[in-house]
Amino acid sequence: MQCDVPAVAGPPVGTYPVNEIFESLQGEASFTGTPSVFVRLQGCPVGCPWCDTKHTWQVIPEREISVGAMGEKTEQPCDSYAWCDVPTLANIVRAADAEHVVITGGEPCMYDLRPLIAKLEAWHHRVQVETSGTYVPLVTPSTFVTVSPKYAMSGGRPVLDEALARANEIKHPVGKQREINIVLEKLDPIHQARGTPIWLQPLSLSSRATGICIQAAHRYGWRVSLQTHKFINIR
Ligand code: SF4
């Protein structure tokens, strides 16, 4: 399946724009090593400069494809997407082996995820949502919410207290010491008050960033997330 697929018409009412669905291991934070179905939604206005899924930022009408074409996508990053309604999406997920479902993006919390998650949970899936914290997560009470807060990005969206309060875990990328200072100032109070785990994720797994993370984890009682999928060369 190549990226230059023909566009098809289709109204997006009550549906989600899906970039891709694939199975892998969750490589980060609390669910590291867990077989998972990843549902990547299209659309994100946050604008992180290091984003490795920039192809998901725009929902361009001309890039709409059929559900079948989306399901045949290869691993090549591609900005095409298919509008999927809840039954269609849930059925695709159900056909996979994994019980754990990760809804990611893009920024999945741009959308009201409750209908989709409720359906998946009714079929005994556990659902994790990965979000930037710039939207209030519209999820079910059982949803595991991973907030990776993105401060002062070009999209100008603030990180919301409501999103941080809903987090089951907080994950923060770290490249330099200044990110540790941000975690200490803005996120550690939540860790202290609510016991929400804080995971530090070294950017690009560089030895310098990893060293900063390990030192801070020891000092402040946080944890280090190492993107283990990259060590074994899987998605
Ligand atoms: S929030 Fe996520 S998808 Fe959006 S720009 Fe940042 S890293 Fe990329």
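Note: Cβ is positioned from N, Cα and C throughout, glycine not excepted.
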Among Thr88, Thr104, Thr131, which residue does TrEMBL name as a further substrate binder in the site formed by Leu25, Gln26, Gly27, Arg40?
Thr104
Per TrEMBL, member of Gly106, Gly195, Gly211, Gly221 binding S-adenosyl-L-methionine alongside Trp50, Cys51, Asp52, Ser148, Pro149, Lys150:
Gly106
Calculate the distance in Å between the alpha carbons (Cα) of Cys44 ([4Fe-4S] cluster binding site) and Gly106 (S-adenosyl-L-methionine binding site), and round it to a whole number.
5
Give me the Cα-Cα distance between Gly106 (S-adenosyl-L-methionine binding site) and Arg40 (substrate binding site), rounded to a whole Å.
7
Cys48 ([4Fe-4S] cluster binding site): which of the binding-site residues Leu25, Gly27, Arg40, Thr104, Pro149 is the nearest Cα neighbour?
Pro149
